[in-house]
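*Asks:* Below: one structure in structure tokens.
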Amino acid sequence: MGSLLSPEANAEVPREALSFHGNATGAQVHLDDQRSTARRRSTFHDGIVFSQRPVWPGERVALRVLRHEEGWCGGLRVGFTRLDPAQVAASCLPPFVCPDLEEQSPTWAALLPEGFVRAGNVVCFWVNRRGWLFAKVNAGRPLLLRKDVLVQGAPLWAVMDVYGTTKAIELLDPKANAWIRSGEPVPESEVISGEECVICFHNTANTRLMPCGHSHFCGSCAWHIFKDTARCPICRWQIEEVAVVSSLKAEEGS
């Protein structure tokens, strides 16, 4: 499945620019010639794509949402997998990364809040050495998506699901500044997304869903979620308790 990666040495190793793997794609995925853009042709599923090479702990995967399509529920999923796409037949890929691919392989992915995957938004995601999966949108603060990625013992490839309202995405160079729109103010809800509720974008996020620990919701929205589905909208874990907290901080790490 490829050589093991040493997190301690990753800073010194030159990295090939990320692109999408050319063969292991969902049944509805169309890639451009450079394998930097992935578009879902139709339906709302079968949009799984992988990076063409393993990704280091702490390495950022940056992408832009090119097209948003109304009429579906839910959007882009991002995460990491130990599944080597070079060993995967496209015809064997399931329709969804969550939960299908997660159940079939060592894969850890999460749904991004719909408000963060509008057309033009830049999404950056990564996993740190503790196995914590983070995502950041535009100039916003990091969101902790989950804390259970296994980073030791085998390489990890980035995996994305061009699902639902997300119709097309483009991989970007996270070290380049060309996609940072200088001079344009970032909407307040994005800058302080770690402090405002990611559902209503109005009230302060002051609750923590247990046991997953996600803390991006105000009390009113959290209790509506608990009553309606009892599942975290970010990681889909079962909610057993809604805890009210006075101060919320997530350790980003690298």
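Placement of Cβ uses the backbone N, Cα and C atoms for every residue, glycine included.
So Swiss-Prot says this about it:
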type: DOMAIN; residues: 17-174; note: domain 'NHR'
type: ZN_FING; residues: 197-236; note: zinc finger
*Asks:* By DSSP, what is the split of the zinc finger (197-236) into helix, strand and coil residues?
*Replies:* 10 helix, 7 strand, 23 coil
*Asks:* How does the model score the domain 'NHR' (17-174) in terms of mean pLDDT?
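*Replies:* Here the mean pLDDT over the domain 'NHR' (17-174) amounts to 94.
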